[in-house]
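Data block below; observations after.
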Amino acid sequence: MNQIPHHVGIIMDGNRRWALEKKWPVFEGHRRGVDVLTKIVKHCIKRNIKILTLFAFSTENWQRPKKEITLLMGLIRQGLKQNLKKFAQAGIKLRIIGQRERLPKALQAPLKEAEALTRNNQVMTLNIALSYGGRAEITGAIKSIIEKRISPEKITEEVVSENLWTSDLDLLIRTGKEQRLSNFLIWQAAYSELYFCPKYWPDFNEKDLDDALADYATRQRRQGR
């Protein structure tokens, strides 16, 4: 593939519906989703993608049943424990983006340690969007700009971008049957290419990612021009 996106974002949708359609516990869908995540991260490195942002848990997801949230947070912590050493050895720089102060204290500490351990890695940056919302991110950027006392005439799109949690997207992939952004990287996705895969996330595999990258390579990016 001669045209590889620098920054790929994935909305990993469909864990719950995948499990419910099989009449399995919702937890099993999330567990399978974590397994798929680790495989896709490794494949992105093979494909020379430099930034990968994964939508793991939205600000709206806090409205889900408390039991499901607790199980999901436990899965994230377990997945981090199992894969951190492998990610570090692979040269992955791990970053958490979102309202981390809302995350359980038992998860905040290991996430901070993982970021510190991998901060100098340069093979690929892996952004995990946890307790994340695009509107909340933009609101935070506005607050940051105000705190820096930047005069209105000096506030440009570049200034706003510099105060966001991550850079512009080249390719946005969404799994599942929905076709919307769902408040994910809504500023950064302004000129990104969109690719919708009808498979639920637990069924998504390396070939599906390659199909998305192949489709991206055929597109002419006009950037609004």
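Yeah, the Cβs are placed from backbone N, Cα and C, and that goes for glycine too.
Counted within 10 Å of its Cβ, the other Cβ atoms near D13 (Mg(2+) binding site) come to 24, all protein chains included. The Mg(2+) binding site feature in TrEMBL is assigned to D13, E193.
Taken from TrEMBL, the feature active site covers D13.
Note: R64 (substrate binding site) has no non-local neighbours, i.e. no same-chain residues 6+ apart with C-beta under 8 A of its own C-beta. What TrEMBL records for 14-18, H30, 58-60, W62, R64, R174, 180-182 is substrate binding site.
The active site, proton acceptor annotation in TrEMBL covers N61. In the three-state DSSP reading, N61 (active site, proton acceptor) counts as helix.
With the fewest other C-beta atoms within 10 Å around its C-beta, R180 stands out among the binding-site residues R16, R180.
E193 (Mg(2+) binding site) counts 19 other C-beta atoms within 10 Å of its own C-beta, drawing on all protein chains shown. Local packing around the recorded positions S58, N61, S182 was summarised as the count of other Cβ atoms within 10 Å of each Cβ; on this measure the leading residue is S58. For D13 (Mg(2+) binding site) paired with S182 (substrate binding site), the C-alpha to C-alpha distance reads 10 Å.
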